[in-house]
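What TrEMBL says about this one:
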DOMAIN    19-398  domain 'ABC-2 type transporter transmembrane'
TRANSMEM  21-42  transmembrane segment
COILED    60-87  coiled coil
TRANSMEM  194-218  transmembrane segment
TRANSMEM  239-265  transmembrane segment
TRANSMEM  285-312  transmembrane segment
TRANSMEM  324-343  transmembrane segment
TRANSMEM  379-401  transmembrane segment
Amino acid sequence: MNKFMTVFLHTYLSKVKKKSFLITTGIFLVFIFLLANINTFVDMFSSEEGTADNTTVAVVSEEQTIMDQLNQRLENGESNFQVNELETSIDDAKQLVTDGTYAGALHITLSEQELPVATYYTNDTTNFAIESQLSQELEQIKVAMAANQAGIDQSTISSIYEPMQFNTEQIEADGGGGEELVKTEEELNGTRGLVYVLLFLLYFAVISYGNMIATDIANEKTSRVMEILISSSSPVSQMFAKILGIGLVGLTQMTIFLGIGYLIITQKQEELVGGFFEVFGLSDVSVSTFVYAFIFFLLGYFLYATLAAMLGSLVSRTEDVQQMMLPVTLLIVAAFMISMIGLSDPSSSFVTISSYIPFFSPRTMFLRVGMLDIPMWEIALSIAILIITIALLAVIGARIYRGGVLMYGTSTSLKDIKKALRLSKKE
């Protein structure tokens with residue numbers, strides 16, 4: 001046990017003290033901070049742009065009624081620019097734009113149908129916000145004028161443009177038939193974004209930490225440190241010490257990310273609305289989602305880490321690690337692609353079946369738990385299958401590891417597994 005703890009602590013401490021670990025953790029924390037304060041940064045830059053001299057638009061028009069309506073609409077709405085009516089020719093207004101006095105010049109006239117026609121002159125054709133808002137406001141004015149000409153009152157126009165009320169209500173199954181139900185829109189808004197983010201975290205964490213285990217073992221074989229370790233502790237003890245040590249590294253990093261992320265979300269819950277947060281729903285997150293993320297992260301890690309340690313023991317050079325890890329990487333990518341498909345249809349049969357396949361379930365079952373109300377027995381069954389698979393892989397992987405660490409030379413084929421098993425029997 002002392003030798004196991006020595007390898008375990010050495011693996012953990014050596015990884016968390018590395019500059020790469022600290023830099024990666026710092027970058028992710030900065031990203032979380034920027035994401036949580038994205039509205040503040042947008043408002044700050046918008047405010048700066050709104051106070052600049054070049055966010056004033058010159059308007060030339062002889063139609064005072066249209067000007068009054070345009071000013072009223074811009075004052076009632078939210079705009080980052082101002083309009084200034086000029087009693088001059090449009091050519092003079094265009095010259096003022098060229099001189100930098102105004103961001104643009106808007107020329108409003110009437111068509112043969114007595115409806116507004118506008119031309120916007122500017123040096124900066126990339127500022128679509130001003131053009132878009134002016135066009136929308138003038139479009140509304142045109143509709144109101146056309147309706148007035150046709151004898152349609154304003155209340156009728158308002159009712160036409162008012163969005164139709166469309167509600168969705170879920171019919172719950174009677175008799176406890178065990179049907180899985182999609183969560184309500186409010187519940188989905190609280191989990192959709194987190195599920196999306198955590199799927200990416202699980203994907204990158206499993207790949208990076210799995211490769212870390214395989215590379216670490218290959219480095220020890222390259223430097224002949226493995227021969228010293230074998231003489232001081234059993235290969236199986238080393239294998240599980242490395243898996244648990246690097247697993248604790250990943251758990252430490254994930255705990256930091258999720259802990260700080262959850263803290264920021266709970267403290268800024270009222271601010272995380274609209275725009276990005278309305279789409280991804282990071283404003284209301286249940287604790288159970290974090291708990292399941294923790295569980296499936298651990299199980300997914302141990303599943304792929306056991307495979308990584310087993311395959312890493314077969315190579316003697318770090319250059320061969322990526323080639324040997326290719327099957328594992330393909331499995332991880334396949335699981336990630338299935339989970340991305342499941343985001344749009346989490347109740348499909350394809351996603352449901354894959355949530356019971358051990359190599360896919362850490363992501364697909366977590367996806368279903370986050371997006372659906374599923375019976376507890378389904379979650380328990382998926383976790384049980386995953387644990388049994390991990391145990392079987394651990395037994396097989398330990399035998400392969402025991403023989404694999406004794407193999408040197410070029411090993412880039414899965415056929416080397418048979419050779420490793422034969423060597424382990426001789427031990």
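Just so it is clear, glycine is given a Cβ too, placed from its N, Cα and C backbone atoms.
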Message = Please determine whether the transmembrane segment (194-218) and the transmembrane segment (379-401) are in contact (criterion: at least three Cβ-Cβ distances under 8 Å, sequence separation 6 or more).
response = no
Ask   = Looking only at the coiled coil (60-87), what is the mean pLDDT?
value = 81
Key: the transmembrane segment (285-312) versus listed stretches 21-42, 239-265, 324-343: most Cβ pairs under 8 Å   = 239-265
Query = Mind checking which residues reach the transmembrane segment (239-265)? Cβ under 8 Å, same chain, six or more beyond either end.
reply = 4-5, 7-12, 15-16, 21, 24-25, 28-29, 32-33, 36, 201, 205, 209, 212-213, 216-217, 272, 282-283, 285, 290, 293-294, 297-298, 301-302, 305-306, 309, 313, 394, 397-398, 401
Request  = Give residue numbers and ranges for long-range contacts of the transmembrane segment (324-343): same chain, 6 or more residues beyond its ends, CB-CB under 8 A.
outcome  = 192, 195-196, 199, 203, 206-207, 210-211, 214, 304, 307-308, 311-312, 314-315, 350-351, 354, 359-360, 362-364, 367-368, 371, 411-412, 414
